[in-house]
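**Q** Provided herewith is a single structure, encoded as structure tokens, for subsequent inquiry.
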Amino acid sequence: MGSELETAMETLINVFHAHSGKEGDKYKLSKKELKELLQTELSGFLDAQKDVDAVDKVMKELDENGDGEVDFQEYVVLVAALTVACNNFFWENS
């Protein structure tokens, strides 16, 4: 069994690949796949967004190369940004 951090890294990888490749490239998330991932894995994040275009905005911000898909590196940027925001929130409110 690995450390907590190794387990967390494995989970990030597994979550990405559980949702990627259903439509085309197995190493990227389409907009539909990204929406499914967000709804399944980050439903609290989506629920907090009152914007019906939240997924479109997230996709636009993440898709750095403009190919209309989110690769693993772009996905990790989302996870890192949300982790920083959560860390800041919890430290400020503790």
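Including glycine, each Cβ sits where the backbone N, Cα and C put it.
According to Swiss-Prot, the record shows the following:
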{"type": "DOMAIN", "residues": "13-48", "note": "domain 'EF-hand 1'"}
{"type": "BINDING", "residues": "Lys28, Glu33", "note": "Ca(2+) 1 binding site"}
{"type": "DOMAIN", "residues": "50-85", "note": "domain 'EF-hand 2'"}
{"type": "BINDING", "residues": "Asp63, Asn65, Asp67, Glu69, Glu74", "note": "Ca(2+) 2 binding site"}
{"type": "MOD_RES", "residues": "Cys86", "note": "S-nitrosocysteine"}
**Q** Select the closest residue to Asp63 (Ca(2+) 2 binding site) from the following recorded positions, measuring between CA atoms: Lys28, Glu33, Cys86.
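**A** Given the candidates Lys28, Glu33, Cys86, the nearest one is Lys28.
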**Q** DSSP secondary structure for Lys28 (Ca(2+) 1 binding site), reduced to helix/strand/coil, please.
**A** strand
**Q** Which residues, given as numbers and ranges, are at least 6 beyond the ends of the domain 'EF-hand 2' (50-85) yet have a Cβ under 8 Å from it?
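**A** Non-local partners: 12-13, 16, 20, 24-25, 27-31, 34-35, 38, 42.
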**Q** Between Asp67 (Ca(2+) 2 binding site) and Lys28 (Ca(2+) 1 binding site), how far is it from one CA atom to the other, in Å?
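**A** Here the two Cα atoms are 10 Å apart.
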**Q** Return the average pLDDT for the domain 'EF-hand 2' (50-85) as a whole number.
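**A** Summing pLDDT over the domain 'EF-hand 2' (50-85) and dividing by its length gives 82.
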**Q** Around the Ca(2+) 2 site recorded as Asp63, Asn65, Asp67, Glu69, Glu74, what other same-chain residues have a C-beta within 8 angstroms of the site's C-beta center?
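**A** After dropping the recorded site residues, what remains is Lys28, Leu62, Glu64, Gly66, Gly68, Val70, Asp71.
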**Q** Looking at the recorded positions Lys28, Glu33, Cys86, whose Cα is closest in space to that of Glu74 (Ca(2+) 2 binding site)?
**A** Lys28
**Q** Sort the recorded positions Asn65, Glu69, Cys86 by C-alpha distance from Lys28 (Ca(2+) 1 binding site) and give me just the closest.
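**A** Sorting the recorded positions by distance from Lys28 (Ca(2+) 1 binding site), the top entry is Glu69.
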**Q** Just checking: which of Asn65, Glu69, Cys86 have a Cα that is within 10 Å of the Cα of Glu33 (Ca(2+) 1 binding site), counting only these recorded positions?
**A** Glu69
**Q** If I take the alpha carbons of the residue listed as 'S-nitrosocysteine' and Glu69 (Ca(2+) 2 binding site), what is the distance between them in whole Å?
**A** 25
**Q** If you run through the domain 'EF-hand 2' (50-85) with DSSP, how many residues end up as helix, strand and coil?
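**A** Helix, strand, coil within the domain 'EF-hand 2' (50-85): 23 helix, 2 strand, 11 coil.
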